[in-house]
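> Handing you a structure now.
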Amino acid sequence: MGYANPDQVGGGLLTRLYSRAFIVAEPDNSKRVVFISADIGMVSQRLRLEVLKELKSKYGELYQQDNVILSGTHTHSGPAGYFQYTLFWLTSKGLIKPSLQAIVKGIVKSIDIAHQNMKKGRLFINRGTVENSQINRSPYSYLQNPASERSRYSSNTDKEMVILKMVAANGQELGLISWFAIHPVSMNNTNHLVNSDNVGYASYLFEQEKNKGMLPGEGSFVAAFASSNLGDVSPNTKGPFCINTGDSCDNPQSTCPVGGAKMCMAMGPGTDMFDSTRIIGQNIYLKAKEMYANASQEITGPLSSAHQWVNMSDVSVELNATHTVKTCKPALGHSFAAGTIDGVGAFNFTQGAVEGDPFWDSIRDQLLGEPSNETQACHEPKPILFSTGEMTWPHPWHPDVVDVQLATIGSLAIVAVPGELTVIYFLSQEFESQGTSGMNVVIAGLCNVYTHYIATYEEYQVQRYEAASTIYGPHTLSAYIQLYRGLARAIATNTVQDLPSGPEPPLFNITSLTLVPAVSADKAPTNKTFGDVLQEVRQQYRVGEVAEVTFVSANPRNSAENVTEHNFLTVERYINISGSWHVVHNDASWETRFYWTKGSGGRSNATVEWHIPSATEPGTYRIRYFGHYKTTPLFKPAVFYPFEGTSSAFKIISL
């Protein structure tokens, strides 16, 4: 989910995806705030509603829509198919129930673990600047913003990282949340391995550092690198180049002289996408580590939270004493189809389109219907490609009802935004005006429901990708600022109870609607069985090399959909003293890669790679693979059988 590329289907695993839950409660337990950072593209409305339903059945009124913030890290290498709005079905082949259920289950489980492990403790905040990790991917759009606004910042991206450090009363380190604006798109749209991208790698490094001797996902210290105002921020720091000629394509349309827009791609700092992910993730981790060590400003004070559902298709916005404007029914512009320099679109649509295209407009009119005059006028100067707010078959294509939410933990205000903001400046003056000075305001992005982008009015006029994807029209940002000011005012004046809750979002009755085929029965080659080695490891490797083994496999979905806590692989070291094997890496480790290759007639192979790190101790090792194969007996339900495979033992020698 993220690049909207139907060819980008899962083909294995680089790292696990985690939900990281943090619960803060007042000493007398009267109020709580829950913050979740989940390794997914974004939180969908369907996902949020199902999580809240589960929490209500477990905890009653303790965790509700006002005090539970669900934020996606925005990795573009996570599952799709957990949305109830039709637009998101186009490239993910519908609503994929197993994906949705796995994410709901994981988020609720992380909240359960946090709930059971609460300790008295202290919170500290710190701020710092991260260098050499991001560029603005729409600098031309940014330059449309008023000079007075731009002059307040040293850069065209927000380089500030904010970290919240959590320490138990007895001194035990519990965890941290980092908010920093960066797109997790170091892994590009040719990648087929599930992973959490650069911010996930930063979490991995921090947790491995603090949970010494533990495998990934184990240990009590939790480090979330959460999304922020990342709308126009790319980690591909080499900038956009024409992949066919090597020329720069840093122009308003992001096009190349030969081949057009689809040749314009931005590259990260590394030798390949894995290396770029590692470099950017490590940069973010190292800055957070330094800030965490030096965090001394304590956060104290009461907790508060405010939430409203709002019909974003119909918000009246007071720009000043004399001018009122309105938001629009959702619609996507032509430049939405262009994609970005991080992942270009199809058919050579270009960014910056302020006029429609007769060819594509006529196809749209015939297949989907023409946008109404009212919607076209409301969205000007956006030429509408999809008038999603006027498309309702088989279900509405975009949400009208959206969550706005704000939680304060002492002097920290977390603004839960349901999309991708391109702006830096937001909201702190509202607390000041109500007499609450010194508030630390952080943007948590991709929260609660996905509404694409939130560009400024000035950026909207030039209609690059971010503006074309600002679905509620040119005044979307102004509407959100007005709404969040209302929440901030209610918290500052202690009048949250007087806020209208707003229109509840729909929960569509979708039993099953997907074009993803069911898993067929698995077959092993003649004279082979599941888990047999097809291509063996070498007898000996040096650090820095790659140990590789291929097994007779079955569809990994069998394990993912039917077995909790399943691990697809381990790397194990032989311990001479005990005469036993000890697991040193699993399928969540950065050093391992699991590739699944589908053959014909139910056959498939699994290849496990171990990229042997420099710190590996010399000794004897082996690689193991675990799966489940499916059989379909005549007139009976399918049956799943576990199996495993083991490579030969091999030696690691030091250089």
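Any Cβ shown, glycine's included, is placed from N, Cα and C.
Since we're looking at a predicted model, the values are computed, not measured.
Checked TrEMBL, it gives:
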{"type": "ACT_SITE", "residues": "SER234", "note": "active site, nucleophile"}
{"type": "BINDING", "residues": "HIS74, HIS183, GLU420, TYR453", "note": "Zn(2+) binding site"}
{"type": "DOMAIN", "residues": "1-482", "note": "domain 'Neutral/alkaline non-lysosomal ceramidase N-terminal'"}
{"type": "DOMAIN", "residues": "485-652", "note": "domain 'Neutral/alkaline non-lysosomal ceramidase C-terminal'"}
> Can you tell me which binding-site residues out of HIS74, HIS183, GLU420, TYR453 are within 10 A of SER234 (active site, nucleophile) by Cα, answering none if there aren't any?
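Among HIS74, HIS183, GLU420, TYR453, the ones whose Cα sits within 10 Å of that of SER234 (active site, nucleophile) are HIS183.
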> Report, as a single number, how many Cβ atoms besides its own are within 10 Å of the Cβ of HIS183 (Zn(2+) binding site).
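Result for HIS183 (Zn(2+) binding site): 26 other Cβ atoms within 10 Å.
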> Can you count the other CB atoms that lie within 10 A of the CB of TYR453 (Zn(2+) binding site)?
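I count 23 other Cβ atoms within 10 Å of it.
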> Write out the long-range same-chain contacts of GLU420 (Zn(2+) binding site), meaning residues 6 or more apart in sequence whose Cβ is under 8 Å from its Cβ.
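HIS74, ASN229, LEU230, GLY231, GLY445, LEU446, HIS452, TYR453, ILE454, GLU466 - these are the non-local Cβ neighbours of GLU420 (Zn(2+) binding site), listed in sequence order.
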> I'd like the number of other C-beta atoms within 10 A of the C-beta of HIS74 (Zn(2+) binding site), please.
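So the Cβ neighbour count for HIS74 (Zn(2+) binding site) comes to 25.
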